[in-house]
């Protein structure tokens, strides 16, 4: 779900929907230009395929009830400044409204904080829920102190990440990238033993020094959620069905994205199945590069989805501003997206709507795939579907031809997206939709002169028109094995141990500067829905919407089994 709730082609039966021979309609994308062909270099190896199968073994698991994870970031010691980094000037001010609010010190009293903007800050992330905490004005650059306590809602298992940064003398560059230096980070696997306090010094990876962290898990009263559990902060997106608001959960102070949808509008547009599919996918999937569902609930007139608030901006926003990305940056995003799509395919889900508007960046620059309204569920490897949906410039040839399509359709759109990142436009883009469809089906794939040879070969494989010959038709591992990804350590990538090539300028969890002011300037409110006279039968279709599930604890870290409470380095 792009926060804009962008409009896409509604799913209909393909035979009556394409109309390639009818009068062309004009379609404007915004900023970009390019075209497509086949051939693939498939570096498949029996050893890698076998290893991939072993990596997907069912992990050990334990069940834990929803609860609260209390994290206290105390201090760090022996940090070192990267060579060549110019730190921010002592005493430079920052808008206090952007800083994390004072939290309880454990006894119920608010802690007064004097922030030092020029000292290292820490980004704490649990299940894609991120907070930024500035150091106290009582410490040094090498030995900063935060003495900060945060409480996270636990709705499923997730690792806890803590990354330390230091602002530079120019914190925000002209391209919107944060120039802040990475000083090191850790990743912890929390213990979910009730009321057991862990307190340890943990060595940083990617830097020098250690960080002291305390964790305590407490069960939570599982009372039904309502809109009253949230403080409405900002509107960050709108659509025909409703809107998306930035909210603060009152009991934990965590920031979320609350998507509200009017039942009557969903029913009148025959979108019930799509809406239920989105919630189903979000509830099932646990992947570091997919926006997680925290809760869902409903009222007689509305449906509500509570998701992690990812505020680094849409990839579309960054791509539009910069025109295109360098090859490494594009590779990094495509690699993380590949892992996300592979996860969906293992759940027998086809995504079908991959595009820059549906990809968000988090605080640190990792991607988060969102908007699952066009997903197709229960699609085994060889299953085919014939429905027509997606966004025009990303549609695969087999979809346009009405031949039916499989999961392999997602690899075509991955290729289109990579091409767009590198060149600035989708390969067959045209303002006339019907002419664009013709190009997708008939035109050769052409490349600008400056494209990397390995990237060309990968794109030729992904953009092969015959789906059975397309790179990835044998599974995601085929794509991972391509020479374009030779310098990617997939295990480190999945563990988010590779520093992103770009870090958005984000000041805090409530910063909305990467969102359209058209939305953020609007007063947030949960509008009253007039009596829609929905029948009991219609209401029954939403009977299982509300979601606050027990969590299955996955004690595996990619390949290796990690005991709960251990440090992941």
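Note: Cβ is positioned from N, Cα and C throughout, glycine not excepted.
These features come from Swiss-Prot:
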type: ACT_SITE; residues: 353; note: active site, proton acceptor
type: BINDING; residues: 236, 237, 238, 239, 240, 241, 242, 243, 244, 259; note: ATP binding site
type: COMPBIAS; residues: 31-42; note: compositional bias 'Low complexity'
type: COMPBIAS; residues: 43-58; note: compositional bias 'Basic and acidic residues'
type: DOMAIN; residues: 45-202; note: domain 'C2'
type: DOMAIN; residues: 230-485; note: domain 'Protein kinase'
type: DOMAIN; residues: 486-557; note: domain 'AGC-kinase C-terminal'
type: MOD_RES; residues: 387; note: phosphothreonine
type: MOD_RES; residues: 527; note: phosphoserine
type: MOD_RES; residues: 546; note: phosphoserine
type: REGION; residues: 19-63; note: region 'Disordered'
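Looking at residue 236 (ATP binding site) and residue 527 (phosphoserine), their Cα atoms lie 15 Å from each other. Between the CA atoms of the residue listed as 'phosphothreonine' and the residue listed as 'active site, proton acceptor' there is a gap of 13 Å, rounded to the nearest whole number.
Take the Cα of residue 242 (ATP binding site) and measure to each of the recorded positions 353, 527, 546: the nearest one is 527. Residues in the domain 'AGC-kinase C-terminal' (486-557) partition by DSSP class (helix H, G, I; strand E, B; coil) as 14 helix, 8 strand, 50 coil.
Nearest by CA distance to residue 546 (phosphoserine), out of the recorded positions 238, 244, 353, 527, is 244. When secondary structure is read from DSSP and collapsed to three states, residue 236 (ATP binding site) falls in the strand class.
Each of the binding-site residues 236, 244 was ranked by the number of other C-beta atoms within 10 Å, and first place falls to 244.
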